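Peer 1: I have a structure I would like to understand better, so I am pasting it below and will then ask my questions one at a time.
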Amino acid sequence: MTKPSSPSLPMEYSDEVAAARARGAPIVALESTIITHGMPYPGNLNMARSVEAIIREQGAVPATIAVIHGVLHIGLDDAKLEALSKTEGAMKLSRADLAFAIAERRTGATTVAATMIAAARAGISVFATGGIGGVHRGAEQSFDISADLDELARTGVIVVCAGAKAILDIPKTLEVLETRGVPVVTYDSETFPAFWSRDSGIKSPLMLNSPAAIANFQKMRDLLGIDGGMLVANPVPEESEIPREEMEIYITRALDNAASDEIVGKAVTPYLLDNLFHMTDGRSLETNIALVENNARLAAEIAVALTAK
Ligand code: PSU
Ligand code: MN
(Lines of atoms letter the chains of each structure in order from A and count residues from 1; the text may use other names and numbers.)
(Lines give C-alpha, C1' and ligand atoms only; values in the text may rest on other atoms or scores of the structure.)
(Ligands and ions follow the chains in the order given, each with its own letter.)
Protein backbone atom coordinates (compact mmCIF):
# COMPACT_ATOMS: atom_id res chain seq x y z
CA MET A 1 0.00 0.00 0.00
CA THR A 2 1.42 3.36 -0.93
CA LYS A 3 1.29 6.04 1.66
CA PRO A 4 -0.56 9.19 0.61
CA SER A 5 2.02 11.83 -0.23
CA SER A 6 2.22 14.55 2.37
CA PRO A 7 1.29 17.96 1.05
CA SER A 8 3.87 20.71 0.93
CA LEU A 9 3.15 24.35 1.67
CA PRO A 10 2.10 26.25 -1.46
CA MET A 11 4.47 29.17 -1.09
CA GLU A 12 5.94 31.31 -3.84
CA TYR A 13 8.67 33.95 -3.79
CA SER A 14 8.65 36.83 -6.27
CA ASP A 15 11.72 36.83 -8.54
CA GLU A 16 13.05 39.89 -6.76
CA VAL A 17 12.73 38.33 -3.30
CA ALA A 18 14.15 34.98 -4.44
CA ALA A 19 17.22 36.79 -5.81
CA ALA A 20 17.60 38.80 -2.59
CA ARG A 21 17.44 35.61 -0.52
CA ALA A 22 20.07 33.97 -2.72
CA ARG A 23 22.55 36.81 -2.21
CA GLY A 24 21.67 37.43 1.45
CA ALA A 25 20.38 40.94 0.80
CA PRO A 26 18.23 42.73 3.41
CA ILE A 27 14.50 42.18 2.91
CA VAL A 28 11.56 44.05 4.43
CA ALA A 29 8.17 42.33 4.69
CA LEU A 30 4.97 44.31 4.08
CA GLU A 31 1.41 43.40 5.04
CA SER A 32 -1.51 43.41 2.63
CA THR A 33 -4.56 44.00 4.85
CA ILE A 34 -3.67 47.67 4.70
CA ILE A 35 -4.12 47.36 0.91
CA THR A 36 -7.42 45.44 0.85
CA HIS A 37 -9.10 46.57 4.07
CA GLY A 38 -7.23 49.68 5.17
CA MET A 39 -7.45 52.09 2.22
CA PRO A 40 -9.67 52.60 -0.83
CA TYR A 41 -8.47 52.10 -4.44
CA PRO A 42 -6.43 53.72 -6.02
CA GLY A 43 -4.80 55.29 -2.95
CA ASN A 44 -3.99 51.80 -1.70
CA LEU A 45 -2.11 50.87 -4.88
CA ASN A 46 -0.18 54.15 -4.97
CA MET A 47 0.78 53.59 -1.33
CA ALA A 48 1.88 50.00 -1.96
CA ARG A 49 4.04 51.03 -4.92
CA SER A 50 5.66 54.01 -3.24
CA VAL A 51 6.43 52.01 -0.10
CA GLU A 52 8.16 49.34 -2.16
CA ALA A 53 10.15 52.01 -4.03
CA ILE A 54 11.33 53.59 -0.77
CA ILE A 55 12.58 50.23 0.50
CA ARG A 56 14.56 49.72 -2.72
CA GLU A 57 16.05 53.23 -2.47
CA GLN A 58 17.47 52.25 0.92
CA GLY A 59 19.20 49.18 -0.53
CA ALA A 60 16.70 46.59 0.69
CA VAL A 61 14.10 44.47 -1.11
CA PRO A 62 10.34 44.69 -0.40
CA ALA A 63 8.28 41.53 0.14
CA THR A 64 4.55 42.22 0.20
CA ILE A 65 2.82 39.16 1.63
CA ALA A 66 -0.62 37.83 0.64
CA VAL A 67 -2.47 34.60 -0.12
CA ILE A 68 -3.59 34.48 -3.75
CA HIS A 69 -5.77 31.54 -4.81
CA GLY A 70 -4.35 29.47 -2.00
CA VAL A 71 -0.69 30.27 -2.60
CA LEU A 72 1.24 32.12 0.09
CA HIS A 73 3.13 34.82 -1.79
CA ILE A 74 6.31 36.31 -0.38
CA GLY A 75 6.74 39.33 -2.62
CA LEU A 76 4.27 40.40 -5.30
CA ASP A 77 5.23 41.60 -8.76
CA ASP A 78 3.51 44.77 -9.95
CA ALA A 79 0.71 42.97 -11.80
CA LYS A 80 -0.20 40.96 -8.70
CA LEU A 81 0.03 44.04 -6.50
CA GLU A 82 -2.35 45.89 -8.80
CA ALA A 83 -4.78 42.96 -8.98
CA LEU A 84 -4.83 42.64 -5.19
CA SER A 85 -5.46 46.35 -4.73
CA LYS A 86 -8.66 45.95 -6.78
CA THR A 87 -9.80 42.66 -5.27
CA GLU A 88 -13.18 42.88 -3.56
CA GLY A 89 -13.98 40.40 -0.84
CA ALA A 90 -10.46 39.26 -0.01
CA MET A 91 -10.31 37.56 3.38
CA LYS A 92 -8.58 39.34 6.25
CA LEU A 93 -6.16 36.72 7.53
CA SER A 94 -4.66 36.38 10.96
CA ARG A 95 -3.08 33.43 12.83
CA ALA A 96 -6.46 31.69 13.09
CA ASP A 97 -7.24 31.52 9.39
CA LEU A 98 -4.01 31.92 7.38
CA ALA A 99 -3.77 28.16 6.85
CA PHE A 100 -7.53 27.97 6.15
CA ALA A 101 -7.19 30.34 3.19
CA ILE A 102 -4.31 28.26 1.81
CA ALA A 103 -6.11 24.95 2.32
CA GLU A 104 -9.31 26.24 0.72
CA ARG A 105 -7.46 28.00 -2.14
CA ARG A 106 -8.86 31.38 -1.22
CA THR A 107 -7.47 34.89 -1.67
CA GLY A 108 -6.74 36.84 1.45
CA ALA A 109 -4.68 39.69 2.79
CA THR A 110 -2.40 39.23 5.76
CA THR A 111 -2.75 41.26 8.95
CA VAL A 112 0.25 42.11 11.09
CA ALA A 113 -0.04 38.73 12.85
CA ALA A 114 -0.24 36.66 9.66
CA THR A 115 2.48 38.70 7.94
CA MET A 116 4.79 38.04 10.89
CA ILE A 117 4.15 34.30 10.63
CA ALA A 118 4.87 34.30 6.88
CA ALA A 119 7.92 36.56 7.24
CA ALA A 120 9.43 34.34 9.94
CA ARG A 121 8.84 31.28 7.75
CA ALA A 122 10.68 33.03 4.90
CA GLY A 123 13.56 34.10 7.13
CA ILE A 124 12.66 37.80 6.96
CA SER A 125 13.27 39.61 10.23
CA VAL A 126 11.97 43.14 9.62
CA PHE A 127 8.46 44.20 8.69
CA ALA A 128 6.95 47.64 8.05
CA THR A 129 3.29 48.54 8.53
CA GLY A 130 1.09 51.51 9.48
CA GLY A 131 -0.52 50.68 12.77
CA ILE A 132 -0.80 47.45 14.71
CA GLY A 133 -3.98 46.02 16.12
CA GLY A 134 -4.31 46.24 19.89
CA VAL A 135 -6.69 46.35 22.80
CA HIS A 136 -9.90 48.02 21.65
CA ARG A 137 -11.62 50.65 23.73
CA GLY A 138 -14.27 48.89 25.80
CA ALA A 139 -12.36 45.59 25.63
CA GLU A 140 -13.46 44.91 29.22
CA GLN A 141 -16.92 44.36 27.69
CA SER A 142 -16.17 43.16 24.15
CA PHE A 143 -12.96 41.17 24.82
CA ASP A 144 -11.72 42.60 21.49
CA ILE A 145 -7.94 42.31 21.65
CA SER A 146 -6.05 41.92 18.38
CA ALA A 147 -4.16 38.69 17.73
CA ASP A 148 -1.32 41.00 16.62
CA LEU A 149 -0.29 41.40 20.28
CA ASP A 150 0.07 37.66 20.90
CA GLU A 151 1.98 37.29 17.66
CA LEU A 152 4.44 39.98 18.70
CA ALA A 153 5.01 37.99 21.87
CA ARG A 154 5.79 34.74 20.07
CA THR A 155 7.22 35.41 16.59
CA GLY A 156 10.70 36.86 16.12
CA VAL A 157 10.14 39.73 13.72
CA ILE A 158 10.83 43.44 14.23
CA VAL A 159 7.63 45.33 13.40
CA VAL A 160 7.95 49.02 12.52
CA CYS A 161 4.70 50.96 12.97
CA ALA A 162 3.53 54.51 13.71
CA GLY A 163 2.19 53.50 17.10
CA ALA A 164 -1.41 52.53 17.63
CA LYS A 165 -4.52 54.30 16.51
CA ALA A 166 -6.49 56.10 19.15
CA ILE A 167 -9.46 53.92 18.08
CA LEU A 168 -7.65 51.54 20.44
CA ASP A 169 -7.05 51.85 24.15
CA ILE A 170 -3.35 52.77 23.97
CA PRO A 171 -2.50 52.39 27.68
CA LYS A 172 -4.10 48.92 27.78
CA THR A 173 -2.32 47.96 24.54
CA LEU A 174 1.02 48.91 26.09
CA GLU A 175 0.15 46.99 29.28
CA VAL A 176 -0.50 43.81 27.32
CA LEU A 177 2.75 44.20 25.39
CA GLU A 178 4.64 44.67 28.63
CA THR A 179 3.01 41.60 30.22
CA ARG A 180 3.88 39.51 27.18
CA GLY A 181 7.50 40.71 27.21
CA VAL A 182 7.41 42.59 23.92
CA PRO A 183 9.94 45.43 23.79
CA VAL A 184 8.33 48.68 22.64
CA VAL A 185 10.96 51.03 21.28
CA THR A 186 10.02 54.51 20.15
CA TYR A 187 12.25 55.93 17.46
CA ASP A 188 13.70 59.29 18.38
CA SER A 189 10.78 60.34 20.60
CA GLU A 190 10.06 60.27 24.34
CA THR A 191 6.39 59.46 23.89
CA PHE A 192 4.57 56.64 22.16
CA PRO A 193 3.05 57.86 18.87
CA ALA A 194 -0.68 57.67 18.07
CA PHE A 195 -0.64 56.93 14.35
CA TRP A 196 -2.01 60.16 12.78
CA SER A 197 -0.53 62.18 15.65
CA ARG A 198 3.09 62.16 16.80
CA ASP A 199 2.28 62.02 20.46
CA SER A 200 -0.24 59.89 22.36
CA GLY A 201 0.63 61.68 25.58
CA ILE A 202 1.96 58.40 26.97
CA LYS A 203 5.62 57.96 27.80
CA SER A 204 7.36 55.34 25.70
CA PRO A 205 8.84 52.31 27.51
CA LEU A 206 12.13 52.45 25.55
CA MET A 207 13.71 54.89 23.16
CA LEU A 208 16.48 54.52 20.56
CA ASN A 209 17.52 57.01 17.93
CA SER A 210 19.34 55.10 15.23
CA PRO A 211 18.69 52.03 13.08
CA ALA A 212 22.09 50.67 14.17
CA ALA A 213 21.08 50.90 17.84
CA ILE A 214 17.84 49.02 17.13
CA ALA A 215 19.76 46.32 15.24
CA ASN A 216 22.24 46.06 18.11
CA PHE A 217 19.43 45.71 20.67
CA GLN A 218 17.97 42.86 18.61
CA LYS A 219 21.39 41.17 18.42
CA MET A 220 21.62 41.24 22.24
CA ARG A 221 18.13 39.69 22.50
CA ASP A 222 19.29 36.93 20.15
CA LEU A 223 22.44 36.35 22.19
CA LEU A 224 20.33 36.03 25.33
CA GLY A 225 18.06 33.56 23.57
CA ILE A 226 15.03 35.82 24.00
CA ASP A 227 12.54 34.98 21.29
CA GLY A 228 9.48 36.87 20.14
CA GLY A 229 9.12 40.11 18.28
CA MET A 230 9.95 43.73 18.88
CA LEU A 231 7.73 46.71 18.24
CA VAL A 232 9.39 49.84 16.89
CA ALA A 233 7.14 52.91 17.00
CA ASN A 234 8.05 55.66 14.56
CA PRO A 235 6.14 58.97 14.83
CA VAL A 236 4.52 60.32 11.65
CA PRO A 237 6.52 63.23 10.11
CA GLU A 238 5.43 66.55 11.60
CA GLU A 239 4.24 68.04 8.31
CA SER A 240 1.79 65.16 7.83
CA GLU A 241 0.31 64.80 11.30
CA ILE A 242 -3.28 65.48 12.33
CA PRO A 243 -3.49 66.86 15.87
CA ARG A 244 -4.69 64.46 18.55
CA GLU A 245 -7.59 66.67 19.73
CA GLU A 246 -8.97 66.89 16.21
CA MET A 247 -8.75 63.12 15.58
CA GLU A 248 -10.40 62.43 18.91
CA ILE A 249 -13.62 64.12 17.73
CA TYR A 250 -13.79 61.91 14.63
CA ILE A 251 -12.84 58.78 16.54
CA THR A 252 -15.61 59.28 19.10
CA ARG A 253 -18.10 59.64 16.27
CA ALA A 254 -16.75 56.59 14.40
CA LEU A 255 -16.95 54.46 17.55
CA ASP A 256 -20.58 55.59 18.08
CA ASN A 257 -21.40 54.60 14.49
CA ALA A 258 -19.77 51.19 14.96
CA ALA A 259 -21.82 50.61 18.09
CA SER A 260 -25.13 51.62 16.48
CA ASP A 261 -24.35 49.54 13.36
CA GLU A 262 -23.49 46.63 15.70
CA ILE A 263 -20.11 46.01 14.06
CA VAL A 264 -18.14 43.22 15.77
CA GLY A 265 -15.08 41.00 15.32
CA LYS A 266 -12.79 41.39 12.33
CA ALA A 267 -15.04 43.99 10.76
CA VAL A 268 -14.42 46.56 13.50
CA THR A 269 -11.03 47.92 12.40
CA PRO A 270 -11.87 48.24 8.65
CA TYR A 271 -15.23 49.85 9.54
CA LEU A 272 -13.59 52.48 11.73
CA LEU A 273 -10.88 53.23 9.16
CA ASP A 274 -13.45 53.74 6.43
CA ASN A 275 -15.54 56.01 8.67
CA LEU A 276 -12.52 58.15 9.51
CA PHE A 277 -11.49 58.38 5.87
CA HIS A 278 -14.88 59.89 4.99
CA MET A 279 -15.06 62.15 8.05
CA THR A 280 -11.68 63.70 7.31
CA ASP A 281 -12.36 64.07 3.56
CA GLY A 282 -9.48 61.76 2.79
CA ARG A 283 -6.98 63.62 4.96
CA SER A 284 -6.62 60.62 7.25
CA LEU A 285 -5.57 58.66 4.16
CA GLU A 286 -2.84 61.14 3.21
CA THR A 287 -1.45 60.94 6.71
CA ASN A 288 -1.73 57.16 6.62
CA ILE A 289 0.30 56.99 3.40
CA ALA A 290 2.96 59.38 4.73
CA LEU A 291 3.45 57.36 7.89
CA VAL A 292 3.69 54.00 6.11
CA GLU A 293 6.33 55.49 3.80
CA ASN A 294 8.20 56.79 6.82
CA ASN A 295 8.04 53.34 8.45
CA ALA A 296 9.21 51.59 5.28
CA ARG A 297 12.30 53.81 5.22
CA LEU A 298 13.17 53.06 8.84
CA ALA A 299 12.47 49.34 8.45
CA ALA A 300 14.80 49.19 5.44
CA GLU A 301 17.51 50.99 7.40
CA ILE A 302 17.12 48.49 10.26
CA ALA A 303 17.24 45.54 7.83
CA VAL A 304 20.42 46.94 6.30
CA ALA A 305 21.93 47.48 9.77
CA LEU A 306 21.07 43.90 10.77
CA THR A 307 22.96 42.46 7.80
CA ALA A 308 26.02 44.69 8.43
CA LYS A 309 28.85 42.88 10.18
N1 PSU B 1 -4.45 49.31 12.17
C2 PSU B 1 -4.33 50.27 11.26
N3 PSU B 1 -4.47 49.98 9.95
C4 PSU B 1 -4.70 48.71 9.53
C5 PSU B 1 -4.79 47.69 10.51
C6 PSU B 1 -4.65 48.04 11.80
O7 PSU B 1 -4.10 51.39 11.62
O8 PSU B 1 -4.81 48.47 8.32
C9 PSU B 1 -4.94 46.27 10.09
C10 PSU B 1 -3.61 45.55 10.23
O11 PSU B 1 -3.50 44.57 9.21
C12 PSU B 1 -3.73 44.88 11.58
C13 PSU B 1 -5.20 44.52 11.58
O14 PSU B 1 -2.92 43.74 11.72
O15 PSU B 1 -5.85 45.63 10.97
C16 PSU B 1 -5.71 44.32 12.98
O17 PSU B 1 -7.02 43.87 12.91
P18 PSU B 1 -7.76 43.35 14.23
O19 PSU B 1 -7.90 44.58 15.09
O20 PSU B 1 -9.06 42.81 13.72
O21 PSU B 1 -6.87 42.32 14.82
MN1 MN C 1 -10.37 42.41 16.82
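In case you wondered, yes, glycine gets a Cβ from its N, Cα and C as well.
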Peer 1: Quick check on the annotation: TrEMBL has Lys92, Ser146, Ala147, Asp148 binding substrate, so which of Val112, Val126, Val159, Val160 does it put in that site too?
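Peer 2: Between Val112, Val126, Val159, Val160, TrEMBL records just one in the substrate site with Lys92, Ser146, Ala147, Asp148, namely Val112.
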Peer 1: Can you go through the binding-site residues Lys92, Val112, Asp144, Asp148 and pick out those with a C-beta less than 6 angstroms from ligand 1?
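Peer 2: Only Val112, Asp148 meet the Cβ criterion.
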Peer 1: Going by C-alpha positions, which of the recorded positions (Glu31, Asp144, Lys165) is nearest Val112 (substrate binding site)?
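Peer 2: Closest by Cα distance to Val112 (substrate binding site) among the recorded positions Glu31, Asp144, Lys165: Glu31.
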Peer 1: Filtering Glu31, Asp144, Ser146 (recorded positions) by proximity to ligand 2: which pass a Cβ cutoff of under 6 Å to any of its atoms?
Peer 2: Asp144, Ser146
Peer 1: Under a three-state reading of DSSP, tell me whether Asp148 (substrate binding site) is helix, strand or coil.
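Peer 2: DSSP assigns Asp148 (substrate binding site) to helix.
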